[in-house]
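Before any comments, here is the structure.
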């Protein structure tokens, strides 16, 4: 449910904030949209819907998305220039009304079109329900869409009433800040689209700019909500003061006192409504962005060290409860090899699956357990528990092992062969294979990959000697398996 509300908020919150602010731009003291504002919104929504359909039909999401964001970028940039330049001066003098009015209409239309397109794009890979019938999931998700639209509409309407009481220069300054944030975020989105279309060349500067801006762009929604709340606080300074009333005051003064008190109460209620809507949206966004959208976290992996025989021994009694038991072994070159054991059946029919915590297809994101389900984190596939230990599909890569009585025995060599399945490397001290000197794997000046293993060298001489004849220094080291070999059946 939070996903749909957050998706709508990220896409349409800029429009809601602009709807609250443009009455000040167009000199609408009552907080109403300028003449033609509703028509501009409708035109924008229709345009965004048409663009979404065109992108879906022609599979041209990149082209259409770049055009939509480019159009909004141009409108926002021109409006920003108008606000910080000549238009601001003209408005203060009571002039420039026509230009301000036109700017407001173009802003409403452009951000409405972009908001609809972005909302559709954000939820394109999600469905209201996985079935074709009406069920609880569909009802809840549909309700989330309705609630999201209602919250954004309430924010725009309530915000406009509150902003109408704020100093006009402050409202225009907030609008300028909102447009500045949208211009920066829009420029990165347009540049990314142009890079994908090969319309501009790829450079480290452009990639860095796009990556940095798009990383912080989602936080613009929080900043815009905060700016609206600041405007609400500013209206407190302009709120009518209710003077004390003497007991012997005449009736006319009492009537005026009641009017002032009613107006102050009226404005306080609008501020309270704005704060309530803004805080609720802030909470939903924070929940979705900082918690619900995070990938599942792996449970802690217990470290294991091979014994003097080069074997890892794990009692079956410890792992037969049906839970996923994760372990980690650190190879000589620092690769952290994760594996897990799980009883594939029940306590009366113990069959322990022993596998690497990696998928041949998806990589080393690992697996988590939810109830009786084992889930591949990378793709979300549910693994049939009795099939764990068998190769193929998204099943964990099997790990060779032996059952000795009531113990699972795993050879160090078999763990080491799977080191190339994992990308995580921890700091360890290893040995230069040429001169035998101790060297830190993360600080070594030279390294060389051979046979699926990484070798580290203390100096250039040993590095060059190894490159000239690797086999001379790697006798007894079996080549590690590649991830694409994870489908092969192993014994045990």
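Placed from the backbone N, Cα and C atoms, the Cβ positions cover glycine too.
In TrEMBL, the annotation transmembrane segment applies to 270-287, one of the ranges 270-287, 288-305. By the Cβ criterion (distance under 8 Å, sequence gap of 6 or more), the transmembrane segment (137-158) is not counted as touching the transmembrane segment (38-57), fewer than 3 such pairs being found.
Same-chain residues lying 6 or more positions outside the transmembrane segment (98-117) and placing a CB less than 8 Å from one of its CB atoms are 11-12, 14-15, 18-19, 22, 25-27, 33-37, 40-41, 43-45, 47-49, 51-52, 55, 64-65, 68-69, 71-72, 75-76, 78-79, 82, 87, 90-91, 179, 182.
Using a Cβ-Cβ cut-off under 8 Å and counting only residues 6 or more beyond its ends in the same chain, the transmembrane segment (215-237) has close neighbours at 9-10, 13-14, 17, 20, 155, 159, 162-163, 165-167, 170-171, 174, 177-178, 181-182, 185, 188-189, 267, 271, 274-275, 278, 281-282, 285-286, 289. Sequence-distant contacts of the transmembrane segment (38-57) (same chain, at least 6 residues past either end, Cβ-Cβ under 8 Å): 19, 63-65, 67-68, 105-106, 108-117, 120-121.
If you average pLDDT over the domain 'YHS' (431-474) in this model, you get 87.
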